[in-house]
Amino acid sequence: MIIKRKFKTQIPSLERCKLGNESRKKKRKLNLGGGGYYYPLNLLGEIAAGIVPGNGRNGFSASWCTEVTKPVEVEESLSKRRSDSGTVRDSPPAEVSRPPLVRTSRGRIQVLPSRFNDSVLDNWRKDSKSDCDLEEEEIECRNEKVVSFRVPKATNLKSKELDRKSKYSALCKEERFHEQHNDEARARVDEKLPNKKGTFGPENFYSGDLVWAKSGRNEPFWPAIVIDPMTQAPELVLRSCIPDAACVVFFGHSGNENERDYAWVRRGMIFPFVDYVARFQEQPELQGCKPGNFQMALEEAFLADQGFTEKLMHDIHLAAGNSTFDDSFYRWIQETAVSNQELNNNAPRQGLLKKHRNPLACAGCETVISFEMAKKMKDLIPGDQLLCKPCSRLTKSKHICGICKKIRNHLDNKSWVRCDGCKVRIHAECDQISDRHLKDLRETDYYCPTCRAKFNFDLSDSEKQNSKSKVAKGDGQMVLPDKVIVVCAGVEGVYFPRLHLVVCKCGSCGPKKKALSEWERHTGSKSKNWKTSVKVKSSKLALEDWMMNLAELHANATAAKVPKRPSIKQRKQRLLAFLSETYEPVNAKWTTERCAVCRWVEDWDYNKIIICNRCQIAVHQECYGARHVRDFTSWVCKACERPDIKRECCLCPVKGGALKPTDVETLWVHVTCAWFQPEVCFASEEKMEPAVGILSIPSTNFVKICVICKQIHGSCTQCCKCSTYYHAMCASRAGYRMELHCLEKNGQQITKMVSYCAYHRAPNPDNVLIIQTPSGAFSAKSLVQNKKKGGSRLISLIREDDEAPAENTITCDPFSAARCRVFKRKINSKKRIEEEAIPHHTRGPRHHASAAIQTLNTFRHVPEEPKSFSSFRERLHHLQRTEMDRVCFGRSGIHGWGLFARRNIQEGEMVLEYRGEQVRGSIADLREARYRRVGKDCYLFKISEEVVVDATDKGNIARLINHSCTPNCYARIMSVGDEESRIVLIAKANVAVGEELTYDYLFDPDEAEELKVPCLCKAPNCRKFMN
């Protein structure tokens, strides 16, 4: 073997990439040590035999792993054929190849035989560097063939194109392989040198070169290989082509084992691989990457540098769509540069030669293309077929048969049809379409076999019909399939595209429809991504791909006529079918604390909060359309007029609430749900009934999953900022931000309802409906200072706090201990420092619950709570008779005496009435001044601007209730008829026995600083002052 170039390879040590196995680490240390050792050629396997990475002098840029020698079987066949045909006579026997000339570990040099005495060898002991970038090496292989290679100094794969403009070109004529290379290549050496010292550009590299490249400014340099974008890059990469940039493929895998990353790299972001290994293995940008990924990419690059590129080349051509790529063809073409005589005698390659007998002929019309024109051709279709300009334009416009892949040119006189789905043209005879049927296709839609295979599913009416070719005869509008058989983790199901739901066929789920993610968990799939795990049974296509193709088909399909709107009867049947699905009702506790529609606590003289006498819901008169109501004592809501019939909202699963009838019989809706459906409105603005437009709601709204109740029932509304869906009533009760925008456009008032999800606005249980007007926004907090608002507010409470002496104060006793004196109890003893709440019990300590002791009092009859009352006056009378069974007084943990629960009180239950003397507002002001002068506590509760309840002298036990910023009770003004109102305390939450009852006094917050009353509730959200 004659070698004119030092074949020295130095592999650096990778200190940052640590391996877990200690034995592997030692082994790698032995092989990859950076001590300047020579890499013996006999350890490279077949590289010494001729499998050298890079392109030879024949200039085939597409071949990265070119095999110079023919297989042994082919060689034996060739020698036998020569001997039989007499072409080669007296051929000498093949000599046994000697081991390559290497430098041993002791530094000795093997001496060549005498027949190589005329060869010139480099001195192994002199590591002198040449200034030329290209060095020749001639390798004599085992089969006595000599092939010249030009291997650049930077990388082993950096070779050579005949023309600078065609550095990504494909095949060339074999007659011109050698005549232009020697002269033109050396003439362009100066042009390929970097323009600036230390920087490289795309013009310095060719297809197959190993490089270091970076895809972005903050990205690390990564091992990559330069490819020919016209033949080896996917279509998506070609569309994002960047001028004056090289197309590279990074080593390593980005996703699974077949996905790789591509990039267009400009000048300054690309360097030779071997020369810059030591520089780029210690990059600071690699701190954010996994060392294992960089280690694997680096090892794959070293393997490619040694010629092992079969897997890499397969992945690149597979991604580029070159399904007909054959590596043996390029190897055989390169062998033709060695010996034209052996080309004619190579029998096993004759079939391949016949297939590519004229590389410069157009694959479409077989027109001969000149060599100069072939070098400029850039339009190649998958399979490396050379096309002329007319055929390339036809290929771009999809004038190519989707079955036989033949181009539709002027020489083709066959009948063609075009698919209405993918817009691909197909020969009629390729799809076996007769001439008679071809005439019928002019009036209907046609779909190619690929589209029919992708969307081959069963329909509910007939399992033999094909969904993609199912077309409405009346208007040509495509019809969605009713159902599709899908499979996930071996479990079958029926997918309904219109509902986006699945019915499981496992046998235990029944006919219940489930969401795709829920059904995926039910099947036991571990992927947690139904878009890829759920597949169509017939075509084995992922459901997401099936949906995308279906959407594309619908977008491409052109309807000849506007689709006819379904009749009212059909829409009603469809709506009732949606509502017949099983669901879990949401049982809500409706209290009188706030309006069930707008959730405001305040009311006004012209818009009072009225309470239903049966279901106990509280609504504003204007919110419910009850402006004409005057008798508030016996008023019942619309749903409670017929208590024997249960009314439920058809737009949400929440039971109860402020319901209104619709124009569809037996269907009711919440006022809130109707407000937040753009298609629904009320026929009468004054009465707010009936709700019309229920049948106009899109069907897609009935199949959305509410993010709050996690159910599919009714119609969901959407967040104005994102695609989050929820029921309007669920969002209202969860404290979502909901707004009513009032606008005026062209002299007409426009109302728009807007809601926000939990991500865009933080939910708050005290949120109310915010009214946005051109003059500003109105909420409950902004209207606290409205003096016309009627409210249950304690307007005055004066309590003089005795100043407690300091604990460490020592008082001197002037008397002796023997003298008898009157015992004085200390008010603030050490035992009462913590101010614990102690209810007052007259029976001493007890070891049993109050309810258990109450059952022993058989002599005392405790009346049961009636289920219903005919009027509020009757309810109030019952409340007065039983108030001592519910509450008692005791020492408060907040201030002085307090009010305590004698038994468990449920949320929304009326506790007791706040009784006292009702006086005019002017009289209340005079009494308050008098109470202040004498230092007496005063308890004044305002019902309205004209009426105030004074419980200072003539009140009941309710006046002992203390203030808290987190109360468990609230006050509500009840009308008992004849323009008479009462104040009732109602439980805001469940109150346990012995727990202190508190209420928010709601003092006016605009008091002066000197009139501020400190708060002593010690609540986490304490406001520090009551006003």
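Backbone N, Cα and C define each Cβ position, glycine as well.
Feature annotation from Swiss-Prot assigns S-adenosyl-L-methionine binding site to H895, Y939, N962, H963. Marked as Zn(2+) binding site by Swiss-Prot on the basis of similarity to another entry: C965, C1015, C1017, C1022. Residues or ranges marked as compositional bias 'Basic and acidic residues' by Swiss-Prot: 75-84. Here Swiss-Prot flags 885-1002 as domain 'SET'. If you look up Swiss-Prot, you'll see 75-104 marked as region 'Disordered'. Positions annotated as zinc finger by Swiss-Prot, on the basis of sequence analysis: 646-680, 704-761.
Swiss-Prot feature annotations superimposed on the structure.
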residue: H895; record: S-adenosyl-L-methionine binding site; DSSP class: coil
residue: Y939; record: S-adenosyl-L-methionine binding site; DSSP class: strand
residue: N962; record: S-adenosyl-L-methionine binding site; DSSP class: strand
residue: C1015; record: Zn(2+) binding site; DSSP class: coil
residue: C1022; record: Zn(2+) binding site; DSSP class: coil
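The least crowded of the binding-site residues C1015, C1017, C1022, judged by other CB atoms within 10 A of its own CB, is C1022. Of the listed binding-site residues, namely H895, H963, the sparsest CB environment within 10 A is found at H895. For the pair H895 (S-adenosyl-L-methionine binding site) and C1017 (Zn(2+) binding site), the Cα-Cα distance reads 8 Å. Counting every protein chain shown, the Cβ of N962 (S-adenosyl-L-methionine binding site) has 22 other Cβ atoms within 10 Å. When DSSP labels each residue, the domain 'SET' (885-1002) comes out as 19 helix, 51 strand, 48 coil, counted as helix, strand and coil in that order. In sequence order, the binding-site residues near C1017 (Zn(2+) binding site) (Cα within 10 Å of its Cα) are N962, H963, drawn from Y939, N962, H963. Excluding C965, C1015, C1017, C1022 themselves, the residues of that chain whose CB lies within 8 A of the CB mean position for the Zn(2+) site are, in sequence, H963, S964, T966, L1016, K1018, A1019, N1021, R1023, K1024, M1026. The C-beta environment of C965 (Zn(2+) binding site), restricted to residues of the same chain at least 6 apart in sequence and closer than 8 Å, consists of D1000, C1015, C1017, A1019, N1021, C1022, R1023.
Residues of the zinc finger (646-680) grouped by DSSP class, helix first, strand second and coil last, total 5 helix, 11 strand, 19 coil. According to DSSP, the secondary structure content of the zinc finger (704-761) in residues is 6 helix, 20 strand, 32 coil. A sphere of 10 angstroms centred on the C-beta of Y939 (S-adenosyl-L-methionine binding site) encloses 23 other C-beta atoms. On the 0 to 100 pLDDT scale, the zinc finger (646-680) averages 92 in this prediction.
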